[in-house]
Amino acid sequence: MEEDLFQLRQLPVVKFRRTGESARSEDDAASGEHDIQIEGVRVGLEAIELDDGAAVPKEFANPTDDTFMVEDAVEAIGFGRFQWKLSVLTGLAWMADAMEMMILSILAPQLHCEWRLPSWQVALLTSVVFIGMMSSSTLWGNISDQYGRKTGLKISVLWTLYYGILSAFAPVYSWILVLRGLVGFGIGGVPQSVTLYAEFLPMKARAKCILLIEVFWAIGTVFEVLLAVFVMPSLGWRWLLLLSAAPLLLFAVLCFWLPESARYDVLSGNQEKAIATLKRIATENGAPMPLGKLIISRQEDRGKMRDLFTPHFRWTTLLLWFIWFSNAFSYYGLVLLTTELFQAGDVCSISSRKKAVEAKCSLACEYLSKEDYMDLLWTTLSEFPGVLVTLWVIDRLGRKKTMALCFIIFSLCSLLLFICIGRNVLTLLLFIARAFISGGFQAAYVYTPEVYPTATRALGLGTCSGMARVGALITPFIAQVMLESSVYLTLAVYSGCCLLAGVASCFLPIETKGRALQESSHREWGQEMVGRGTNSAGVPRSDSGSQE
């Protein structure tokens, strides 16, 4: 086979339109046409078998034909009305996720008093949600890769809506424990909205738009606190659970408009559906479709865990798992630490305060006051500066450096908490730390869907989300249990963990800034041919992504 390929020695210069990932680098010439000297004797391309056993697609038999891939169409159509609608719709799912998470800090103390629950049962009510999320994240990613992004997202949202509403009618503790665990199981699939959303975005708008739906997370947390301020004193926690499901209900009503990812359709061989979706986007945006024939990527197994550990992605997967673990571990740890630090006034007062306080009955409780809700509100508002900072730097520094910057600044703020400082400085440090650790989360949500190919994108994001839930499960034992014995050791654990995450971000093999979304885990055969020609004839080659 190699002899056949390299016998192409005496053919004249041909001109063809470059397609696929190699044509979509930001540094490519605008024309997209290149002269390549091919020498040798023509052979029948349709019958050639590549080294990996993949037949050459017939679409490439005549290289002068106009062809395009989904990425080319998305770039040509651009950002418009369709993407704005999609932003709002996927943002609703993200907002609902934030509200279901924020309600944990409101529901737990209420049930602690109303049902006279011991402290360990209150803690279990929070932990069971994270257990559900951790156990389902990989499953939802697999479903989205196997059966479609739209299918996985719709099922997870409807699942969460159903059990979220049932939670409001739970008669006893055991019922609400099971139902909230099932809610957590459904929430584990909501991050797949990022996968679907990213696959419809042109390259230059992708980072900003993914950060845009992260704003919906911040809006959801603020809205949940405001809702609790007005609902809890008069109507109670059952009505709060019902009203908190409103964004999910709205999504369920509007999801009939949601299209399936054209990238997924192409990868699964549904060319007609992919073209129909692209034409629909072009019509809504008032933009023309690219001329030519849509190239169907070679079909391959989707949603296989082993694909995350191929030589090309093994190191990336392991580093991302640690980064996501550290992110959630530190984010939720800071949320828990904030209450303790505010109550004590500063770090130096915590140990003495805990020694002075007599042991209390585990059934003793206090309902949240309006002042408590306002403190929660001010804390959640720190999410917005994190979005703004990440939005400003992510396309300037790149994804890897942005994550590293956020983790390192959080680590420094944690170390500064060792100093005996006043409440005002304490508040400032906590807000800066919260802003940057949330910014690290946002940057990770941009990077992860970009680095994996379409065949494993949902699974990759799902497994990373699952590792984040492991961090969220562990962090109460550090922020609450370890804090009882040593506040300095607790702060050192969070600071050290994020410092290591910053180093891990720098060691990620691939920088995705200015890089097109990869359609397949294998190179397109056209790229393979150009690569071989480069080695033998010195023709320059454009990579679709940079590796450092």
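Glycine too: its Cβ is placed from the backbone N, Cα and C atoms.
Per Swiss-Prot, the feature topological domain 'Cytoplasmic' maps to 1-87 (among others); the stated evidence is sequence analysis.
Under the heading phosphoserine, Swiss-Prot lists Ser25 (among others).
What Swiss-Prot records for Ser31 (among others) is phosphoserine.
Sequence annotations record features per position, and here Swiss-Prot assigns transmembrane segment to 88-108 (among others). Outside the transmembrane segment (88-108), and at least 6 residues removed from its termini, the chain residues within Cβ reach (under 8 Å) are 122-123, 125-126, 129, 153, 157, 160, 164, 183, 187, 190-191, 193-194, 196-197, 212-221, 223-225, 228, 232, 237, 240-241, 244-245, 247-248, 250-251, 254-255, 257-258, 335, 368, 376, 380.
Annotation source Swiss-Prot lists topological domain 'Vesicular' at 109-122 (among others), citing sequence analysis.
Here Swiss-Prot flags 123-143 (among others) as transmembrane segment.
Here Swiss-Prot flags 144-156 (among others) as topological domain 'Cytoplasmic', drawing on sequence analysis. Taking Cβ pairs closer than 8 Å, the topological domain 'Cytoplasmic' (144-156) reaches residues 93, 136, 186-190, 192-193, 195-196, 199, 252, 255, 258-261, 264, 268, 302-303, 455-459, 462 in its own chain, all 6 or more past its ends.
Sequence annotations record features per position, and here Swiss-Prot assigns transmembrane segment to 157-177 (among others).
Look at Swiss-Prot and you will find 181-201 (among others) tagged as transmembrane segment, backed by sequence analysis. Residues of the same chain lying 6 or more positions beyond the ends of the transmembrane segment (181-201) and with a Cβ under 8 Å from any Cβ of it are 74, 79, 82-83, 86-87, 90, 93-94, 96-97, 100-101, 128-137, 139-141, 143-144, 149-150, 152-153, 155-157, 159-161, 163-164, 167, 209-210, 213, 258, 261-264, 281, 445, 449-450, 454, 457-458, 461-462, 465-466, 469, 517.
The topological domain 'Cytoplasmic' annotation in Swiss-Prot covers 202-209 (among others), and the record cites sequence analysis as its basis. With a cut-off of 8 Å between Cβ atoms, the residues of this chain six or more beyond the topological domain 'Cytoplasmic' (202-209) that come close are 24, 26, 74-75, 77-79, 83, 87, 391, 394-395, 399, 446, 450, 513-517.
Annotated transmembrane segment per Swiss-Prot: 210-230 (among others), in sequence order, evidence recorded as sequence analysis.
If you look up Swiss-Prot, you'll see 231-238 (among others) marked as topological domain 'Vesicular'. Across all of the topological domain 'Vesicular' (231-238), the predicted model scores a mean pLDDT of 87.
As annotated by Swiss-Prot, transmembrane segment applies to 239-259 (among others), with the evidence given as sequence analysis.
What Swiss-Prot records for 260-316 (among others) is topological domain 'Cytoplasmic', and it gives sequence analysis as the kind of evidence. Under DSSP, the residues of the topological domain 'Cytoplasmic' (260-316) split into helix, strand and coil as follows: 29 helix, 2 strand, 26 coil.
As annotated by Swiss-Prot, transmembrane segment applies to 317-337 (among others).
According to Swiss-Prot, the feature topological domain 'Vesicular' maps to 338-373 (among others).
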DSSP on the topological domain 'Cytoplasmic' (144-156): how many residues come out helix, how many strand, how many coil?
12 helix, 0 strand, 1 coil
Compare 123-143, 239-259, 317-337, 425-445 by their Cβ pairs under 8 Å to the transmembrane segment (374-394) and return the stretch that comes out on top.
425-445
